[in-house]
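Scroll down for the structure; my scribbles are underneath it.
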Amino acid sequence: MDQFFYGLVGICIVLLLGDLLYHKHATFSFESWFGFFAWYGFICCVALVLLAKQMRKVVKRDEDYYGD
Amino acid sequence: MIDGLNPALILIGGSLLALLAPQGRARNLFMLALPVLGALQLWGLPYGEYARIELFDLTLTTLRLDGLSFAFALVFHIAALLAIIYAWRLDDPVQQVAGLLYPGAAVGAVLAGDLVTLFICWELAAVSSVFLIWARRTQRAYHAGMRYLLAQIGSGVLLLAGVIVHLRATGSITFEHLGLDSPGGWLIFIAFGIKAAFPLLHNWLQDAYPEATVTGTVLLSAFTTKMAIYALARGFAGTESLITIGTLMAMFPIFYAVIENDLRRVLAYSMNNQLGFMVVGVGIGTPLGLDGAVAHAFADILFKALLFMSMGAVLLRAGTVNGSELGGLYKSMPLTAGLCMVGAASISAFPLFSAFVTKSLILEAAAREGHWVSFLFLLFASAGVFHHAGIKIPFFAFFAHDSGIRCEEAPRNMLVAMGLAAALCVGIGVFPEALYAILPYPIAFDPYTTTHVVTQLQLLAWSALAFSVLVRTGIYPPELRSVNLDFDWGYRKLMPVVATGVWGAVSRGWEAFNTAVEHLVKRLIAGLARHHGQYGVLATTWPTGSMVLWAVVLLGACLIFYYL
């Protein structure tokens with residue numbers, strides 16, 4: 001599992017640095033920020049999980065809550 | 001090709017004839033031939049309007065073929081074909097008939113040139129599809145099916161009301177662009193919105209689909225919602241509010257998908273999220289946006305069918321699709337695991353897989369029209385869909401910790417169906433021009449630019465990194481046996497409680513009223529009895545003397561008044 005994780009970290013860094021090697025065609029200015037899609041994806045996923053975890057406190061019920 | 005024959009009739013007519021064929025290979029081959037013949041008929045028909053029927057003083061155009069209807073009708077035939085192969089070993093006439101009638105109704109709906117034919121097919125699809133839920137033959141599935149049917153019929157009733165208003169105001173039943181301002185427009189819009197699973201109208205989908213049979217869920221995932229996307233594209237293209245609705249749809253289900261335990265329900269939430277992308281495409285309404293919506297619906301039917309088929313195979317073999325009970329299944333079902341990962345890569349929009357070339361049309365359309373807020377949210381949703389459908393589904397089913405479940409690989413027919421779906425997903429990803437060629441509007445779009453490939457890979461790889469970091473640090477929420485409250489809480493819990501409360505209050509009030517009236521009547525009777533009863537003062541016989549006395553009193557009184 002460790003090998004897989006460090007391999008993924010390597011791929012992520014390579015892809016991030018890839019931004020330096022080509023001219024990015026951007027419609028919105030934020031798209032051309034360095035590594036925008038990388039860190040936006042990372043932050044979104046962390047935010048998604050943390051928010052969903054908090055949501056569980058409100059919406060989680062027993063499996064037979066609806067009684068059918 | 002038979003001139004003017006509606007391909008829907010091949011599936012609908014065949015569904016009843018299929019029962020005449022003996023169960024087994026003969027019936028299966030007959031059923032398999034139907035979508036093939038239907039697709040050939042569809043392919044052979046030139047674009048145009050056919051099969052006009054006079055009904056009272058209305059003219060129904062039961063078959064209209066153009067770029068928009070063709071793409072949907074074609075992919076509906078492919079989905080029906082895949083489902084028949086997937087269900088090859090199924091010995092259940094109910095599901096076999098429903099499995100042809102329901103796709104037939106959906107094909108009929110997208111080919112309908114008028115609103116009345118659309119309504120008929122809309123309802124036929126609703127009624128035929130519920131049997132795919134009831135065929136699970138459990139109490140839970142029965143209840144879920146009833147709730148599903150109520151939502152579907154509700155949509156049909158609104159559609160009918162809208163059509164009547166529209167007909168009275170305009171005198172036309174032609175199904176063309178309507179818009180919200182047209183008479184009955186709102187009613188029809190909400191009818192479509194229920195089936196497209198708009199936010200707050202969505203819960204029938206996540207409630208019912210995971211309760212259907214193994215094959216039923218695969219079929220259900222393909223038709224109803226895409227029929228609604230077609231109807232929105234036809235009637236409400238360019239309706240600005242659809243951009244907001246679609247963005248919300250793409251966003252909120254992903255949070256539920258993260259904490260949901262039933263992996264088929266995770267897929268149902270993820271489906272809602274993908275529908276959001278299509279709704280945004282329709283809302284943008286430019287040729288690129290509409291093409292994006294159609295292309296993404298086409299791709300979604302295939303990869304969602306593949307994912308539901310793989311989870312169906314897991315349900316069949318392992319007996320459960322709860323993430324909390326699964327894990328390590330790649331040892332028992334390596335082929336299913338591999339095919340599931342093709343579906344996961346497709347929905348996640350990896351380069352060379354289908355959504356990469358279809359979802360990007362919608363994002364590009366949003367960008368070109370300057371919808372930067374929607375663009376950012378859709379990007380969030382893209383990362384989210386990779387997270388829950390791309391990683392969570394295969395990870396918790398086939399990898400994660402070893403659950404100890406050892407079972408057989410999926411049956412060969414299921415593997416063939418999944419293999420075909422996977423081949424189509426990759427085929428669309430590698431040769432997007434083939435799909436672009438059948439879209440309603442001609443487009444010149446190259447999805448394989450350096451920018452698109454690199455940025456998409458960055459988004460996906462860093463999302464995967466986020467998942468890995470969260471799992472390694474123990475922050476990632478574990479899969480738990482639970483139910484998560486969604487909007488259906490309103491009608492599954494709140495409404496029964498309120499109804500019981502109101503009923504209790506009304507019956508208590510009625511009881512109190514009855515007691516009070518009874519008490520009053522009793523008192524009245526007692527009073528009457530006291531005065532007029534056997535010993536009542538007014539019921540006693542009076543002596544003659546008292547009469548004489550009163551006559552004297554009266555005469556005396558007259559005398560006094562006379563002198564006054």
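Placed from the backbone N, Cα and C atoms, the Cβ positions cover glycine too.
In TrEMBL, annotation is done automatically, which means it is predicted and not curated.
According to TrEMBL, the protein carries these features:
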type	residues	note
TRANSMEM	B:7-23	transmembrane segment
TRANSMEM	B:68-88	transmembrane segment
TRANSMEM	B:108-134	transmembrane segment
DOMAIN	B:112-382	domain 'NADH:quinone oxidoreductase/Mrp antiporter transmembrane'
TRANSMEM	B:146-165	transmembrane segment
TRANSMEM	B:185-205	transmembrane segment
TRANSMEM	B:242-259	transmembrane segment
TRANSMEM	B:266-288	transmembrane segment
TRANSMEM	B:294-316	transmembrane segment
TRANSMEM	B:337-357	transmembrane segment
TRANSMEM	B:377-401	transmembrane segment
TRANSMEM	B:413-439	transmembrane segment
TRANSMEM	B:459-477	transmembrane segment
Taking the transmembrane segment (B:337-357) as the reference, which of B:185-205, B:242-259, B:459-477 gives the largest number of Cβ pairs under 8 angstroms?
B:459-477
Please tell me whether the transmembrane segment (B:108-134) and the transmembrane segment (B:377-401) touch - that is, whether there are at least 3 C-beta pairs under 8 Å between them, with each pair 6 or more apart in sequence.
no
Same-chain residues at least 6 beyond the ends of the transmembrane segment (B:413-439) with a Cβ under 8 Å from one of its Cβ atoms are 67, 70-71, 74, 78, 82-83, 85-89, 291, 294-295, 298-299, 302-303, 305-306, 309-310, 312-313, 316, 335-336, 339, 342-343, 346, 350-354, 356-358, 445, 447
Long-range neighbours of the transmembrane segment (B:68-88), counting only residues six or more past its ends (CB under 8 A):
7, 11, 28, 31-32, 34-36, 38-39, 42-43, 47, 95-96, 99-100, 103, 106-107, 110-111, 215, 218-219, 222-223, 226-227, 230, 233-234, 290, 294-295, 297-298, 301-302, 305, 309, 312, 413-414, 416-418, 420-421, 424, 438-440
Of the listed stretches B:7-23, B:185-205, B:242-259, B:377-401, B:459-477, the one with the highest count of C-beta pairs below 8 angstroms to the transmembrane segment (B:294-316) is B:377-401
Long-range Cβ contacts under 8 Å made by the transmembrane segment (B:459-477), restricted to residues 6 or more beyond its ends, are 258-259, 348-350, 379, 382-383, 386-387, 390-391
